[in-house]
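What TrEMBL annotates here:
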- 37-150: domain 'NERD' (DOMAIN)
- 263-557: domain 'UvrD-like helicase ATP-binding' (DOMAIN)
- G284, P285, A286, G287, T288, G289, K290, T291: ATP binding site (BINDING)
Amino acid sequence: MVAGGSAYDRACEARRQERELREQLWAARREAERWEAASEGERRVAAQLLMLTGRGWHLLVDRRWPGTRAANVDMLLVGPGGVFVIDVKTWRAAPEAAGGRLTAGRQPRDGEVRKLLAVTRVTEAALAPLGLSPVAVQPLMVFSGRSFDAALGRVRLLGEREVAPALLTERVRLSAAMVRVVAAHLETVFPAYETSSAGPAPAGTPSAAGPLPPAPVAPVAPVTPLPIRAAAHDEDALFDVGALRDAAAKAARRGPIEQWMTFLHPDQVALVRRNWSGPARIGGPAGTGKTVVALHRAAHLAQRTTGRILYVTFASNLPRVQRTFLRTMSPAVVGRVEFRSLHAWARAFLEERGIAHRLHGGRAEDAFSRAWVRRGRDSVLSALDPSPRYWREEIDCVIKGRGITSFEEYATLRRHRRRAALRRPHREAVWELYEEYERLRTERGVHDFNDILTLALAEASARPGRSPYAAVIADEVQDLTLVGVRLLHALVGDAPNGLLLVGDGQQAVYPGGYRLSDAGIDVRGDRGQVLRTNYRNAKAILDAALAVVADDAFEDIDGSRLAGRRDIHPTYHDGQVTRAVFTDPQARDAALLDALRARGRASWPDSAVLCRSQRDVGRYRRLLERAGIPVCALERYDGRPVAGVKVGSYRRAKGLEFKHVHLPDPGPWLEPVPDGGGRPATAWTAWAPPGAVDDEIALERAQLARAQLFVAMTRARDTLWLGVVRAAEQDARREGAAYELRGAAVTPYDARGRHREAHVPYAPYAQPGRGA
Ligand SMILES: Nc1ncnc2c1ncn2[C@@H]1O[C@H](COP(=O)(O)OP(=O)(O)OP(=O)(O)O)[C@@H](O)[C@H]1O
């Protein structure tokens, strides 16, 4: 090697080092500029948000992400509108949100969205033990120095100028006391970010906000850490989460019935957030928050997946109401949850798949009437029940509802919730009737409601891969048929978190039934959950309703056999049951109008008059309208507050609730048993409507009617008004009956129907020796 060559090499090396140092300097400058810009951006956004702190909002700035050493969260904001997890962005290029992607200067920025969602989930988990539903926790990306308003899934994207006004218009979810508790809790879970101890972020450390340096920000409203009561006996605690929840429940009770809650019981939140490895079921008696959990879960799943969520019920009026509730709760996700009645959904599904069908209830009914005349009326069936209704139900709910296609299957079938023992000749006669009906229906070229579900099930089973649903939630599942449940199962199979069935066998208002195992759905272990705390009904109302079904043991859809009087934990809020007795229906109707007027116009939107039959629904609508009381038909109610009293049938009221419920004709089940009519007078369950011949059929009908009455009574939160018409001769007969009146039941109306007193305590009749 020559000397000159060595000097040249040293010069080259020096140049290389100089270049490297220059590059490092530029990189450091760019980095410093970025940090400066970022912290400036944070300052600007914080300044906007500080305007909210005077209005009950708490701002936590630059907090450490729990479980990480250095990753931070730009801001956590807690206020009346809920909890917002905020990531501040100071980007040179303008952000764009289109086609489900976030870009800036054509560069993809979806990773930033994913990081924000991850820290939002950490926040949700941190707040679940307080009972805060995940729907109250929202991710928010704020762009400093920009004007922007968009959304990507559940992530709201707002410019610096838009953020404060948008948050101020959020619906109120948390009271001031809750805001303080939630903020204090978050302050503990997300400690202040400390650089000295944190050190540099290791490679791959997740960060919600990018690796921002800890920059001093504008002064932040201090949030004093507040002790949260850990145990009920800790009387010194300043804030008791349980008491706050009770206060929230009370506030919700005072508000309009349509107001839904943000704070649930921690057990409910656990169900909302739970990961189930396959189909799951939430059961539990009336008013225990099953629908609340199901709706919060729908919102939660919609927040976590990109697929659609199908939320199905049997009743056609409920989907509208539930959609309204979800929109109020979580407007960001409502577009991805499809609320449908099962039959409406199945028809749309068939149309979408190009499968010909022709639903025509009237013609199908006509086909059945003819089949009954030809094959049923003069058969052995008439000896059991001469009216065709029971046999129509047998075909609808047992044969077609369960997808039975051969007599061999039907001949030995266990008919759930059907009491009459059908021997072989009866089953043969039913089968003949069924075949004749099918022949006449096919001749007319029409389908009935069951056919629609059967066609949809065949299609869904044949092409299962084409289902667009990430999850299916079925509410009031006890009233679906087996074919209906199989259809829903076929849409998602046994996928994790795929199928959730919500309902209560005690509230079945249609005949027939099924077991989940018949549908091949396994919900053993932690996938079968039961709620027990009744949040809806005043204790007096719950007691009165349970007295009606106390002796009616029933089989739930999971196969468990349960007593009519179940283990329910009431929440003991005040309420009243008025049992008003009259000698004629006119006096009863006049008293009903009096009761509505006495409570006043302001109570009408939260009041309902519920009837056993459609004919009565029409009658009471006209009665109220003639009296100048505005009316809203339950069929048309969509969950938004309306000025009128809701009027509808017991079946239409299923799944709903009202502060004040009036049942002008609750039927004979609140009364002692009539002892005539050839039926046993030893049990009040023995009462049956006239026309039935077979005792078991009569008992089955009566049991179903009591279940319907139970459902109607448990729709009432605060007051329940029962208008009983008692004929004078029935009174006389009853005097000799083997029943006694428990407690003091005072008739508040005299014999001519004049109002004597406003309220009387309800006292159910009890059979001596039964301890009802
Ligand atoms: N954790 C809770 N705290 C206070 N109120 C609650 C809670 N959970 C539910 N509720 C209230 O209880 C009432 C009944 O809830 P929901 O309608 O979900 O019950 P459900 O079990 O579906 O009733 P049903 O089977 O009778 O239709 C609603 O007013 C709801 O807001």
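Cβ coordinates are placed from backbone N, Cα and C, and glycine is handled just like the others.
What TrEMBL says about a protein is an automatic prediction, not a curated fact.
Under the three-state DSSP scheme, G284 (ATP binding site) falls in the coil class. Restricting the average to the domain 'UvrD-like helicase ATP-binding' (263-557) gives a pLDDT of 93. Residues in the domain 'NERD' (37-150) partition by DSSP class (helix H, G, I; strand E, B; coil) as 41 helix, 43 strand, 30 coil. Filtering P285, A286, G289, T291 by Cβ distance to ligand 1 (under 6 A) retains the following binding-site residues: A286, G289, T291. Within 8 A of the CB centroid of the ATP site residues G284, P285, A286, G287, T288, G289, K290, T291, the other residues of that chain are D504, L531, N534, Y535, R536.
Listed in sequence order, D504, Q506, R532, N534, R566, I568 are the same-chain residues six or more apart from P285 (ATP binding site) with CB atoms under 8 A from its CB. Here T291 (ATP binding site) comes close to Q322, D475, V502, G655: these same-chain residues lie at least six apart in sequence, with C-beta atoms under 8 angstroms from its C-beta. Secondary structure from DSSP puts K290 (ATP binding site) in a helix. Note: G287 (ATP binding site) has non-local neighbours N534, Y535, R536, N537, L542, E657, T714, i.e. same-chain residues 6+ apart with C-beta under 8 A of its own C-beta. The Cβ neighbour count for K290 (ATP binding site), using a 10 Å radius and every protein chain shown, is 25.
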